[in-house]
Amino acid sequence: MALLGAVATAILTVIIIAMLYFGRDIFVPVALAILLSFVLAPLVGILQRIHVPRGLAVVSVVVAAFMLIFAIGSLLAAQLTQLAGDLPRYQSTISEKIQSFRDTRAGRGTLERASDMLKDLGKELDKPKDAASAPKIGTIAGSNAFAPPVPVEVRQPDPGALESLRTLISPLIHPLATTGIIIIFVIFILIQREDLRNRFIRLAGSSDLQRTTAALDDAASRLSRLFLTQLVLNGGFGVVIGTGLWFIGIPSAILWGILAAALRFVPYVGAVIAAAFPLALAVAVDPGWSMLLWTLALFFVVEPLVGHVIEPMVYGHSTGLSPIAVVASATFWTALWGPIGLVLATPLTVCLVVLGRHVERLEFLDVMFGDRPALSPPEIFYQRMLAGDPTEAAEKAEEFLKERSLASYYDEVALKGLQLAQADAERDALDQERLTKIRDAVSEFTSDLSDQDDRPLAKSNSTSDAEAWSAVEAVAENAVNERLPYLRRETLPLDWQGEHPVLCVAGRSLIDEAAAIMLAQLSTEHGLAARVEGPESLSTTNVFRLDTTGVSMICLVYLDARSAAHMRYSVRRLRRKLPKATIILGCWVKDIDAAALELLRESAKADLVATSIGEAVRLCIEATGLTGSAGEALGLKNSPTAAA
């Protein structure tokens with residue numbers, strides 16, 4: 001059944017692509033109309049807010065927009081005509097530069113060999129097929145006398161008035177038809193946009209009508225702002241480029257400015273393509289090389305300034321597409337629709353990604369083409385632990401720590417990743433070997449982070465990593481985790497000055513032990529040295545062999561709350577071994593509420609219950625008696641505040 005569904009999907013995809021290709025005369029105008037409607041919708045909204053009727057507002061905006069487009073088209077035609085007439089004048093300059101290159105030692109051999117090769121090929125092509133057997137032109141069989149060639153002239157009848165009119169109009173039929181389709185669709189899309197939205201919601205089959213409507217309205221407004229802003233910025237880019245080329249002396253500077261504005265809708269390579277034409281013209285026009293260098297400098301300055309300074313300030317760092325999606329979409333749409341597809345590739349793909357983010361059935365589009373990580377931060381952490389690659393996880397964590405604390409990372413990313421592992425373990429998807437690999441990977445991971453301070457760095461060092469930034473956005477700033485005090489050993493009470501005053505014990509599994517390892521590392525970071533014992537230490541035989549010298553606090557860690565009896569017996573055994581120690585129950589089960597945790601604590605007869613790793617460390621610090629401002633004053637340890 002699954003194979004049949006995959007085959008049906010593949011066939012449907014091929015049919016859709018074929019329709020887009022063979023129906024491009026219709027689909028290209030429709031796509032242009034949809035994009036133009038996004039650009040013009042805010043302008044229509046402005047007119048409606050000043051009580052202009054919708055129909056009049058739509059017609060006014062569309063007429064003004066197409067008058068501007070026609071004016072730009074007329075200007076382009078004039079510039080192209082002028083450039084075509086001027087090109088023969090640049091032939092001598094090009095010849096001189098080729099000759100100067102030929103005269104150089106490096107260029108002489110290369111050009112001569114290329115020229116000789118072309119000449120030889122030309123001679124071969126000019127030879128008649130049967131030169132030896134064919135009779136000479138102008139000879140008569142059996143005679144050596146030459147007959148003069150007879151000139152032949154073919155005359156066509158003069159075309160009539162209708163033929164002349166057809167010849168004049170036929171090249172204009174296709175562009176006029178395309179323009180008419182665009183205008184009609186733009187007008188109807190702008191007039192009926194709410195009705196079209198409702199029909200799309202019905203087709204999407206959303207079960208949450210209010211939420212889907214709000215999401216689509218928000219997506220449409222965001223797309224309108226994005227496309228309008230891009231149009232303004234790219235238009236400004238074209239104006240600056242055109243003005244700069246005019247000052248430099250490049251012919252048809254207006255043409256190249258408009259071309260630069262249009263091609264800049266193509267990320268990464270658009271500006272490079274736009275620069276190629278004026279650079280080639282600079283070589284042809286200028287006898288020297290200064291015009292070429294000035295043109296290069298113009299593009300090298302303006303493009304990074306717009307792309308890396310102005311654009312991030314105006315609408316963020318990107319269009320929401322991954323780099324590979326930009327390249328793939330440009331290739332796909334260009335293959336389907338030619339040069340116009342190259343210009344439309346990014347806007348069309350942005351529309352698809354936005355639909356994927358707000359319509360559940362189309363979510364695969366966001367996964368395929370969007371720039372957001374395909375996996376959530378906890379899923380990435382779990383996947384790296386499964387793969388036995390803690391190094392990459394540590395790199396992502398270090399980027400996260402530029403914005404949030406280590407305690408926040410452990411609670412919101414790493415611990416939730418271990419909860420995913422616990423869910424897999426409960427359904428027997430993880431064998432003992434994989435559980436051991438996860439435990440060992442977490443141990444190595446915490447070791448890699450042992451030199452990281454548990455306070456975020458200055459905001460000037462903000463992360464630029466997409467996956468790390470998604471984790472930062474997903475984690476709300478926790479005042480408790482961000483301000484855990486640092487303690488010094490010499491300031492601690494005597495019964496807390498042992499080698500390891502905190503003992504972290506895993507409840508039942510190796511995943512519990514992995515969580516206990518993170519707790520021990522964070523506790524040690526804050527001045528309370530801790531060590532970890534595995535779940536086997538809680539057996540009746542092993543619990544009394546535990547080395548509890550200097551232990552004042554025991555943290556019992558569980559990621560599985562299915563057996564309250566196991567917790568109760570574990571606490572009872574630890575209490576017999578260390579009757580004076582405080583026992584914290586850390587039961588970090590997904591979606592468990594505070595009331596259920598308190599019931600577990602009462603059932604297990606533990607002293608305290610912690611809902612997170614950060615809270616467990618806070619309870620340990622409070623148990624020392626060095627809490628509050630006095631505790632922080634005593635307990636600053638190489639923290640940013642202390643350094644200040």
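Just so it is clear, glycine is given a Cβ too, placed from its N, Cα and C backbone atoms.
Per TrEMBL, the listed range annotated as transmembrane segment is 292-310 (candidates: 292-310, 501-519).
Between the transmembrane segment (172-191) and the stretches 26-44, 231-259, 265-285, 330-355, it is 26-44 that has the most C-beta pairs under 8 angstroms.
Across 231-259, 265-285, 292-310, 330-355, stretch 330-355 shows the highest tally of CB pairs under 8 A with the transmembrane segment (26-44). Contact counts against the transmembrane segment (265-285), taken as Cβ pairs under 8 Å, peak for 231-259 among the stretches 231-259, 292-310, 330-355. If you look at the transmembrane segment (231-259), the same-chain residues 6 or more away from its ends with a CB under 8 A from one of its CBs are 39, 72, 75-76, 79-80, 82-83, 86, 265, 274, 277-278, 281-282, 285-286, 291, 294-295, 298-299, 302-303, 306, 310-311, 314.
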